[in-house]
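Structure first, then comments.
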Amino acid sequence: MPKRNDIKTILVIGSGPIIIGQAAEFDYAGTQACLALKEEGYRVILVNSNPATIMTDKEIADKVYIEPLTHDFIARIIRKEQPDALLPTLGGQTGLNMAIQLHESGVLQDNNVQLLGTELTSIQQAEDREMFRTLMNDLNVPVPESDIVNTVEQAFKFKEQVGYPLIVRPAFTMGGTGGGICHNDEELHEIVSNGLHYSPATQCLLEKSIAGFKEIEYEVMRDKNDNAIVVCNMENIDPVGIHTGDSIVVAPSQTLSDVEYQMLRDVSLKVIRALGIEGGCNVQLALDPHSFDYYIIEVNPRVSRSSALASKATGYPIAKLAAKIAVGLTLDEMLNPITGTSYAAFEPTLDYVISKIPRFPFDKFEKGERELGTQMKATGEVMAIGRTYEESLLKAIRSLEYGVHHLGLPNGESFDLDYIKERISHQDDERLFFIGEAIRRGTTLEEIHNMTQIDYFFLHKFQNIIDIEHQLKEHQGDLEYLKYAKDYGFSDKTIAHRFNMTEEEVYQLRMENDIKPVYKMVDTCAAEFESSTPYYYGTYETENESIVTDKEKILVLGSGPIRIGQGVEFDYATVHAVWAIQKAGYEAIIVNNNPETVSTDFSISDKLYFEPLTEEDVMNIINLEKPKGVVVQFGGQTAINLADKLAKHGVKILGTSLENLNRAEDRKEFEALLRKINVPQPQGKTATSPEEALANAAEIGYPVVVRPSYVLGGRAMEIVDNDKELENYMTQAVKASPEHPVLVDRYLTGKEIEVDAICDGETVIIPGIMEHIERAGVHSGDSIAVYPPQTLTEDELATLEDYTIKLAKGLNIIGLINIQFVIAHDGVYVLEVNPRSSRTVPFLSKITDIPMAQLAMRAIIGEKLTDMGYQEGVQPYAEGVFVKAPVFSFNKLKNVDITLGPEMKSTGEVMGKDTTLEKALFKGLTGSGVEVKDHGTVLMTVSDKDKEEVVKLAQRLNEVGYKILATSGTANKLAEYDIPAEVVGKIGGENDLLTRIQNGDVQIVINTMTKGKEVERDGFQIRRTTVENGIPCLTSLDTANALTNVIESMTFTMRQM
C-alpha cells in the first residue's frame, strides 16, 4: 500500500522532561520518527518541553516548539499550525495522555486533526484497565483475578474475596506511578489512595498477586494490512512483582522451551491484532514456571523503554518503522535499514545475548528506600552484548559505574552470611551482588531459588562465574585459564585480583600473548544476509568483523547510563561532536553503553562500539582502530575520569590537555592560577582529617561548604553551620584522606551565575550568561536558570565576561568550559570551573542558535573561531526571555528529602520561553509540573532565619487573594505585620498540617529547612507528604518569590484605599 497523500502536515508530541519511568528512550524514538516522516516528504511539527534533546533541534523537524506539554499549550499550537494529523504514540505516556485529552475536549475534531497510527479506541482499550480486561475475557486470554476500583472502600471489598498479597496498578500512568504491592490493610489504604490520586481517570486495577511467575516481554509490530511480527522477546531475570524498568533483562529469552515461546508469541500477536494496533507495541506476560499457565499483565500501545532496548538489542529500528506504518506503509514494502536487502517483515534473529541492568540513584540518595516493587525507581540503564550469558552480564555490571566490576560488592568479604541471606530475601537493587556473595560462601542454589524465585538456569550461570574465579585462584598466571575467563566476560581487573597481579600486568600478559577481543557485527539476521552496519560488540573469538579503514579517525567517549547529575544533555553534546567530526572529513567512532540514547543509534556515527566505558574495554578498541586521538569532554564525568588512564597508555587526549583538566580539578594548582590571573574565589582550605577541617572552619568562619574533590552533580556536598555538624560530616559522609582531600570553603550568599564558553586557544566566545533564581548554595542543576540575566548591572556583566575570558585562556581550554560565579555584596567570585561540556549546552545552543558542541569540536580539531565568523566575548543576546526549570522524580523515590541544597536531585529539565520573565517562568513552572493558580491556599512553615524574609512574600500572596495557613511561629511573625494567617497544628496535634495537606486544602507549601533532630524529622514528613499528594513544595524562598511574581502577573492585586 502506498503512503497516504491526503495529509501533508503532521504534529508529533514529545515526552517532555526526563523523569524516572520516562527517560532518553523517547528522545531516540522521537528523533527517529521525525526524520522518518520527513524522509517520506511530510511537513513535521514537533512540540516538546525538554531542551536537552536532539529531537528539539531545528534540523529534526520543520518547525519545533519548546512549550509545556499541557492541553492548553498544545491546543494553541494546533490552532496556529493547523496540522492534518497528530502522531501520539512516540511521546511516551505523556504523548498518549495528551492525545486522549485533546480528543475528549473536542480540539482535534474542531481543527480537523486525525490521529495517526493506533486508533484512539485501541489506545483506550489497552490503557483503560476495565476495557482491557473485558477484551481479554472475550479473547479467552487469561488475566489475573482482578477488580477495578474508584474508591478505597471498593478496594477493601475485593480484598475480602481474594486476600493478600494484592498488586495495585493505576490507569493511564507510566513507570508504575502510584502503584505497589500490598500485604496488609495499612498498605492497601495508602497505596490505593495514592494510586487514585495519580491516575488521570481516578481508577485503579487491583489484582491477585502472581509474584514469582516468570515475566516475559514481546516487542511486536503490526501494520494496517494485519502483517504482524515479533521484533524481540525478552525475559526478566527477576520474577513478576518488580517493575520491568527495574528488572535485569536478557534477550532473547533463555529459559523458555520452544512450546512456551510459540504459545506466548501467538498470544502476543493475537492481542495486538484484536486491539488493532498499527505500529510498535509491547506485551508483558507472566508464565507459571511449573506449568503452561500464563497471564497477560499489560500492553503498552506505543513505543516504550522496552522498544528502545529491543531496537538496540536487534538493530531493528522500531520507532522509525512505526512512524512509517502510521502513514500507511506496510512491513512487506519497507526495507530493513540494517541489511538493506531483506524486508522489515522478516523477524530479527540474534546470534548473541544481551543483558540490560537498570541504573539506580541510590548512590545519590543513600537514605532512599531501596526495596523494588511495581513502581519504577531506576533513572537509566545499561546494555551489554556477549556471546555467552555470563559475558553479557559481566560487561553490563562493569558499565554501571557504581564502583562494582564483577558479581560481588567491593566490601563483600566483610558481611556475615546471615546478613547476606537477609539482603537476598528482599528485592532491592543490590540483590544480584549479594547472590554472588552467597554462592561464593557455598550457599546452595536451591536455597537462593527458594528466596528469590529466580530460575535455576540463571543461578547456574552465576555459579559458573564463581567457579571460574576459584579456578583462576588455583591456576595463577595460567594462560589457558586467562583465555577461558575472558570467554566468559571477566575483566582484567577481576582476573588480576584472582591472579594476585596488578590490572596492568594482566593487560601486558594479554598483549604479549595476543589474547585480544574481536568485534562482531549486530546485523538483525545472525549473518543470514549480507549486512554492512557499523554496529559492533567485543568478544573473545577468532574472526574479527570490524574492518579498519585507512581514514583518520577520532574516537568520542559517550556518557553511559542516565543518572542524576549526568543526564541526556551529555548525549546531546556527544551527537553534535560526532556530526562536526564527520563534517571535517574524519571517521567518527562512538563508544557508549546506554541503549536509550540517540548516540547509540548506529546511523549516527561511522562506527558504534556498544561496550563498557572502562579503561580496558576502551583500550581494546583503541588498539584496533588506532585513532588520531580521543575526545573526553562531551561524555560528562564518565569520560573525563578515563582521560588520565588512557593517557598512561600513550593515547592522545584531544582538546583541553590532561594537565589542564587536572589543573581545574586540583585545588592547589587552581588557586595558584587564580592568583596569577587575578580572579577572586571564596576563601577556602583543603582538609585531609576532621581536625584539620575544624581548624580551617575556625579560620574561615561559618557557614562553610564542604565537599570531596573530583565529583559531578554535587555528590556528598553540604553546607554546615557549626563544629558539631562539620565533625559529623567528616566522620560519616566522607572518609577524608591525603589521596581524597575535602574542600572547606566560605559559603557566600549571593546571586549565582552560570557561564558556558568555547575557546580555541586564542579566542574565547561566550554564547550566554545565565542567572539563577535560587541563591548560591542550591546546585546549579536544581536551580531555575534565566537567560538573559535580569538583575545584573553593566559592571557585573563586564566583570563576568572578563573573568570568563581570563579563566579559559589561563587554563588553555580547547573546546568547552563551564563556570559558576557568585555575586556577593562585595563583588564577583568564581565558585567552580568545569573544563568540559555542561548541562546547559543544549539549552544555550537552542536559544542562541550557536551550535556550541559542534564549534567546540571544530576548535578541538584545530579550526579557529574567528574563521567561523565569531568575535571574542559575549555574543549578541537572543530576543525574549528563556528559563530552564528543573524537574524532580520525588514521587517515585520514598524516604528522599526534597530540600534543595548543594547536592543535585533533579532528573530532568524543561524550558519556558516568552517575551517577559513572568510569562517564561509561568511556562517553565507549568512544564515542570507546578500548577500555577491565581488563587488558593498556601501553607508556610519556615525556619527562624527565614521568618523576616517570608513576611514580604506573605503580604504579596495575601494581596492577590491567597489564603495563608502557617505554623504558630511563622503565624506569630506574620501577625506582627497584620497579615492574616490561620494557625495549623504541628504534626500529630489538633488540626495538624499533614491532614490539611492530605485533604487537598493546600495548593502550595513553602517550607525551609530547620536543623535539629526533632524539627528535621517534622520538616521531612511535611515535605514527603506534599510530594506524595502531588502538591508543589518550595524549599527555597527564591523559588517562592519567582512563583509569586508569576501569580501577580496573572491576576490583579486587591488593596484597600
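Cβ atoms are placed via backbone N, Cα and C, with glycine included.
ATP 2 is bound by Arg707, Arg746, Leu748, Glu752, Gly777, Val778, His779, Ser780, Glu832 in Swiss-Prot, and the record lists one more residue there from Gln732, Gln820, which is Gln820. The DSSP breakdown of the domain 'MGS-like' (930-1057) into helical (H, G, I), extended (E, B) and coil residues amounts to 61 helix, 21 strand, 46 coil. Set side by side, the binding-site residues Arg129, Lys208 differ in how many other CB atoms lie within 10 angstroms of their CB, and the most is found at Arg129. For the ATP 2 site, whose binding residues are given in the record as Arg707, Arg746, Leu748, Glu752, Gly777, Val778, His779, Ser780, Gln820, Glu832, the maximum C-alpha distance rounds to 18 Å. Averaged across the region 'Carbamoyl phosphate synthetic domain' (547-929), pLDDT for the predicted model comes to 93.
For Glu298 (Mn(2+) 1 binding site), the same-chain residues that are 6 or more apart in sequence and have a Cβ closer than 8 Å to its Cβ are Ala126, Phe132, Arg169, Gln284. Ranking the binding-site residues Gln284, Asn300, Gln820, Asn834 by C-beta neighbours within 10 Å puts Asn300 at the top. Counting only same-chain residues at least 6 apart in sequence, those with a Cβ under 8 Å from the Cβ of Gly777 (ATP 2 binding site) are Val705, Ile719, Tyr747, Thr749, Gly901, Pro902.
Shown are the binding-site residues Ile242, Leu748; of these, the residue with the fewest other Cβ atoms within 10 Å is Leu748.
Taking every protein chain shown into account, Glu215, Glu832 are the binding-site residues, and of these the Cβ with the most other Cβ atoms within 10 Å belongs to Glu215.
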